[in-house]
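A.B. asks: Dumping what TrEMBL says about this protein:
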SIGNAL    1-19  signal peptide
BINDING   C20  Zn(2+) binding site
DISULFID  C20-C86  disulfide bond
DISULFID  C22-C113  disulfide bond
SITE      N33  site 'Involved in metalloproteinase-binding'
SITE      K51  site 'Involved in metalloproteinase-binding'
Amino acid sequence: MVYLCVLVGLSSMITQTLCCKCPTLTREQQFCNSDFSLVGKPVGKFLTNDKNSTVHVIQVRLFNHLPLNVGPHYIELESPISQTGCGIQLEIGHDYVFNAIFLGGIRGKITKCGWNEKWAEVPEVLRRPLLMNSIPCPEVLNPAQIEAFFDYHN
């Protein structure tokens, strides 16, 4: 019986070590910590060549808070398959709010640690500020913005 308890305890410790760990942030903080945000609907998905990530093909309705009038527009959002990588799976056909990290081209990365929520579940008090680009964020320039600023002005 003692051995069983030790095994259960060790198993629990390993599981806790391998779980996804995200900082506790509000939706607004998650929004401000992302490279870009969008509202869109997953229309398909495929695996990356190394089979470590799922790439969700998203039909974009709103990108960086600017409506897209001529479309449709698509973006690919990559998410790790493993739970330890904080991967998420999306339901095709539902609108979501996404906050992502830019990977290049038309691809971004999403994880459970970001704000990725069905649009129907977003509280009304956040919908309008999101659509109007009025969620207040502290002014912080990331290195890419600073580099672009210097390239432009020099």
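Our numbering is plain: 1 for the first residue shown, then up by one each step along the chain.
From the backbone N, Cα and C atoms, a Cβ is placed for every residue, glycine too.
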A.B. asks: Using a 10 Å cut-off on Cβ-Cβ distances across all protein chains shown, tell me which of the disulfide-bonded residues (C22, C86) has the largest neighbour count.
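C.D. replies: Sorting the candidates by Cβ neighbours within 10 Å, the top entry is C86.
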A.B. asks: Inside 10 Å of the Cβ of N33 (site 'Involved in metalloproteinase-binding'), count up the other Cβ atoms and send me the figure.
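C.D. replies: Within a 10 Å radius of the Cβ of N33 (site 'Involved in metalloproteinase-binding') lie 16 other Cβ atoms.
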A.B. asks: Counting across all protein chains present, how many other Cβ atoms fall within 10 Å of the Cβ of K51 (site 'Involved in metalloproteinase-binding')?
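C.D. replies: Other Cβ atoms within 10 Å of K51 (site 'Involved in metalloproteinase-binding'): 8.
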A.B. asks: I'd like to confirm something. Which of the recorded positions, C20, C22, K51, C86, C113, has a Cα closest to the Cα of N33 (site 'Involved in metalloproteinase-binding')?
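C.D. replies: When the Cα distances are compared, C113 comes out closest.
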A.B. asks: Check the Cα-Cα distances from C86 (disulfide bond) to the recorded positions C20, C22, K51, C113 and tell me which is shortest.
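C.D. replies: Of the recorded positions C20, C22, K51, C113, C20 has its Cα closest to that of C86 (disulfide bond).
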A.B. asks: Name the residues of the same chain, 6+ apart in sequence, whose Cβ is under 8 Å from the Cβ of C113 (disulfide bond)?
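C.D. replies: Long-range Cβ contacts: C20, C22, P23, Q30, C86.
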